[in-house]
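To start, the structure under review is shown below, and the notes come after it.
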Amino acid sequence: MEINKLVCFSFSLVLILGLVESFHYHERELESEEGFMGMYDRWREQHNIEMRSPERFNVFKYNVRRIHESNKMDKPYKLKVNEFADMTNLEFVNTYANSKISHFQALRGSAPGSIDTDPNKDFIYANVTKIPDKVDWREKNAVTDVKGQGGCGSCWAFAAVVALEGINAIRTGKLVKFSEQQLVDCDMTNAGCDGGLMEPAFTYVIKHGGIAPEASYPYVGKRETCDKAKIKDVLKIDGRQNVPGLDEEALRKAVAHQPVATGIQLSGHGLQFYSEGVYTGDCGTEPNHGVGIVGYGENEKGIKFWTVKNSWGPTWGEKGYIHLQRGARKEGLCGVAMHSSFPIMNDPNPPKDDPNGPKDDPDAPKDPKFKTTQRLQGIRTKLLEL
């Protein structure tokens, strides 16, 4: 059976889980070849990149110049020289964003954004009339720390878990990390590290009795055999819901009540090097990456935004988050309003004070550190051969 798949941006590079300091440079270094070479060598050392080639150096120069010029403009967002500075945007997109949701929708006979496009069809928040001007579920202790998916294309699992963790915290008052690895290993309707969708992940949780805490079923960054012995102290949900497509107001109603999983297209020079602020730049509307929306608001200049949690670790963007402009187009900027869904949890299960409910293990190991240097070198070697 043909299914849509989000084959995720899988950050198998150095920033995934280990913190990397920001890369700084002086404007005068951009004035000479020697200055650029010094920057390039310093950047390679910071990111543990052994390869030193004229082609990569030329791309590095091109990207640094574009980043520098962009940051001199009056834009509501800033860019930074990150670990992708020696990759062209085409290489970046082809390497980390090679899935086209619209392609799979066409095979199924669906139009883009056709998920529940009838605004009132089963949408539980359709009749909500009053919602706050600003919501940030991080401030309400409903969002866990930013995680890292590593070299596994499991963004769909991380996005689904953002929504599951959020609704559990809202209903029970307990913030618990849940297991992306269980979804990667056990949800056979999705493709593990080769991509997937959030809606089938929610359906798996419903049909298979729940999702375990991360402490019981920790993340390893690859698909393994489903280990049912680790599935205990589970969170159960009562259903799932799609947000009407091409409708940011419907999406805002949903996010006002709980974190939501969605798909976006992360492409374009700006997103490759995004650092901070409200992103208003170029990107497409063919979602290829799963993320969680954990809030919305408006900045001091009146630009409306979505607060989006990514799964590339805390050193990308704004400590692992990106603010995407809200209200830019019917699909939402980067297609954020085209493919959104959330779990339904009517009552705490177990009840709030049940000692047998899901809980974090304070002694559980943190996310594993992925060995990335060899993989990084392999990517660059392959790009040079193209």
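Glycine residues also receive a Cβ, built from the backbone N, Cα and C atoms like all the rest.
It should be emphasised that the depicted structure is a prediction, and the values quoted were computed from it without experimental measurement.
Annotation comment: Swiss-Prot describes C155 (among others) as active site, evidence class experimental evidence. When secondary structure is read from DSSP and collapsed to three states, C155 (active site) falls in the helix class.
The Cβ neighbour count for H289 (active site), using a 10 Å radius and every protein chain shown, is 30. According to Swiss-Prot, the active site annotation covers H289 (among others), on the basis of sequence analysis.
Secondary structure from DSSP puts N310 (active site) in coil. Taken from Swiss-Prot, the feature active site applies to N310 (among others), supported by sequence analysis.
Per Swiss-Prot, the feature compositional bias 'Basic and acidic residues' maps to 350-370.
Marked as disulfide bond by Swiss-Prot on the basis of experimental evidence: C152-C193 (among others). In the three-state DSSP classification, C193 (disulfide bond) falls within coil.
Other Cβ atoms within 10 Å of the Cβ of C186 (disulfide bond) number 24 in total over all chains. Feature annotation from Swiss-Prot assigns disulfide bond to C186-C226 (among others); the stated evidence is experimental evidence.
If you draw a 10 Å sphere around the CB of C334 (disulfide bond), it holds 33 other CB atoms from the protein chains shown. Residues annotated as disulfide bond in Swiss-Prot: C283-C334 (among others).
Summarising the environment of N127 (N-linked glycosylation site), the number of other Cβ atoms within 10 Å of its Cβ, over all protein chains shown, is 8. Marked as N-linked glycosylation site by Swiss-Prot on the basis of experimental evidence: N127.
Per Swiss-Prot, region 'Disordered' is recorded for 340-377.
The feature signal peptide is assigned by Swiss-Prot to 1-22.
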Quiz item: Can you count the other CB atoms that lie within 10 A of the CB of C283 (disulfide bond)?
Solution: 21
Quiz item: Using DSSP and three states only, what is N127 (N-linked glycosylation site)?
Solution: coil
Quiz item: Of all the recorded positions given, C152, C155, C193, C226, which residue's CB has the most CB neighbours within 10 A?
Solution: C155
Self-check item: For N310 (active site), nearby residues of its own chain (Cβ under 8 Å, 6 or more apart in sequence)
Solution: V146, V291, W316, G317, G320, Y321, I322
Quiz item: How many Å lie between the Cα of C283 (disulfide bond) and the Cα of C155 (active site)?
Solution: 18
Quiz item: Can you tell which of the recorded positions C152, C155, C193, C334 lies nearest to H289 (active site) in space, using Cα positions?
Solution: C155
Self-check item: C193 (disulfide bond) to C155 (active site) - Cα separation in whole Å
Solution: 9
